[in-house]
Amino acid sequence: SPPSRMEITVVRTEGKLEDKNSVSREEKDSKSSGKSFLAPAPKKRTRGKKVPLAPGHSHIDWMRVQSSAQAPKPRKLSRSEVRKHKTEKDLWMVIKGKVYDVTSYVAYHPGGVPELLKGAGKDATKLFASVHPWVNVDVLL
């Protein structure tokens, strides 16, 4: 009888995913047709314009600030509590189920205050992913 679990190794070669242990009929067909099993490239989007930042407010400066900050203790918050924090001076947002107080990041955001306010006081996961699909939010904030 076949094993219930099979360990496979997936590698990238020439932009395609290949299973070293076996090649399915679909994969053989895709190789001959030039199709790829990789996720499609993100659609081109119009980027918002960056706003001029004050001296000392670059991404490098923000990372320096973050490296010296202590992470707050985790706690549960209600949606109604998060909704109270939606101004430039008190700005929270939810991304991937975590609440981030981004008030101190406002001056560092290259898209400016109006862009951050779009996600203020609510779940901004989809908005964040649509603008920053490559960014690890836990590292950034």
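Using the three backbone atoms N, Cα and C, a Cβ is placed for every residue, glycine included.
What TrEMBL annotates here:
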- 13-32: compositional bias 'Basic and acidic residues' (COMPBIAS)
- 73-84: compositional bias 'Basic residues' (COMPBIAS)
- 74-141: domain 'Cytochrome b5 heme-binding' (DOMAIN)
- 1-84: region 'Disordered' (REGION)
Averaged pLDDT, computed only over the residues in the domain 'Cytochrome b5 heme-binding' (74-141):
91
What residues elsewhere in the chain lie close to the compositional bias 'Basic residues' (73-84), defined as a C-beta under 8 angstroms and at least 6 residues from its ends?
90, 92-94, 99, 121-122
